[in-house]
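What follows is a short report on a single structure.
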Amino acid sequence: MNVSGVSTVTEFILLSFPCSREVQILLFLLFFVSYILTLMGNGAIVCAVKLDPRLHTPMYLLLANFSFLEICYINTTVPNMLQNFLSETKTISFTACFFQFYFFFSMGINETLLLPLMAFDRYLAICQPLHYPIIMNNRLCMNLVALCWVTAFLCYPIPIYFITQLPFCGPNAIDHFVCDPGPLLALSCIPAPGIELSCSLLSSLIIFITFFFILGSYTLVLRAVLRVPSAAGRRKAFSTCGSHLAVVSLFYGSIMVMYISPTSANPAGIQKIITLFYSSVTPLINPLIYSLRNKDMKAALRKIHMCGEISQDK
């Protein structure tokens, strides 16, 4: 990191959303409410799956892990963003910035790995119904989930290490609310097109491989569903997959715009809006998508609500 005769940066300033103090407070309240609702919605799904024995199946275990991931994902960005809304300095240390970068990207990669696993589960359930209980049991399901977590956290240490070795000698203001590679690389004292291209290629590789895996899985599912003779059976199959397809569309649509093109190609304002969408908005609406379209999940959530009311009456 050291460059002779040049002082190095020890902290960064996350500009977040520059605006008046009154608007900053309004944004704080808005994102705080959104943050609490996200924790409650995803936490309710985790609790419902844990407490209802009927939901101890691979599909719901994957959904519970996905909801837990969303809780972790939003905690990599929103608490610091809320703090910045009320802070005068808006600073983050060099080390904390790169830790946020690491965990933010690791959680995002984990999501791109869990979504194909959920698609594969639906493929087996619909296309291989007789073999499904044998192939996808709870133990294999949890082993695959653990593999997703481990793989996700092993993808970005090397790229992040090389970025930390770049000389950051000022300015130190990041026009973002999170330590993202694009704004960080823009602050380096020397151009780093190789690192920027490497990050873009790694992101593109992960996104395209997982996206085409999902696309292939649901193509086979669609072929199988169209062969179902009864309209009721087709509706049930489509309903089972509809929630997952909605989440996939929201998440992949935003990250493809953000990370497949080189980071410098996106203006700062667009980067912030897209990052805000896939890191904060989608974790908020995902519980609604899954719970509103799933009868078993709605029944489990109602059961938790009734138990809560009974305990309060006592």
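Glycine too: its Cβ is placed from the backbone N, Cα and C atoms.
For 25-48, 60-78, 98-120, 140-163, 201-225, 237-261, 273-292, the entry in TrEMBL reads transmembrane segment. Under the heading domain 'G-protein coupled receptors family 1 profile', TrEMBL lists 41-290.
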Name the range, of those listed as 25-48, 98-120, 237-261, 273-292, that has the largest tally of Cβ pairs under 8 Å with the transmembrane segment (60-78).
98-120
Of the listed stretches (201-225, 237-261, 273-292), which one yields the highest count of Cβ-Cβ distances below 8 Å with the transmembrane segment (25-48)?
273-292
Close approaches to the transmembrane segment (140-163) from elsewhere in its chain (Cβ under 8 angstroms; 6 or more beyond its ends):
58, 61-62, 65, 98, 101-102, 105-107, 109-110, 113-114, 117, 121, 181, 184-185, 192, 195, 198-199, 202, 206
Across the domain 'G-protein coupled receptors family 1 profile' (41-290), average pLDDT on the 0 to 100 scale:
88
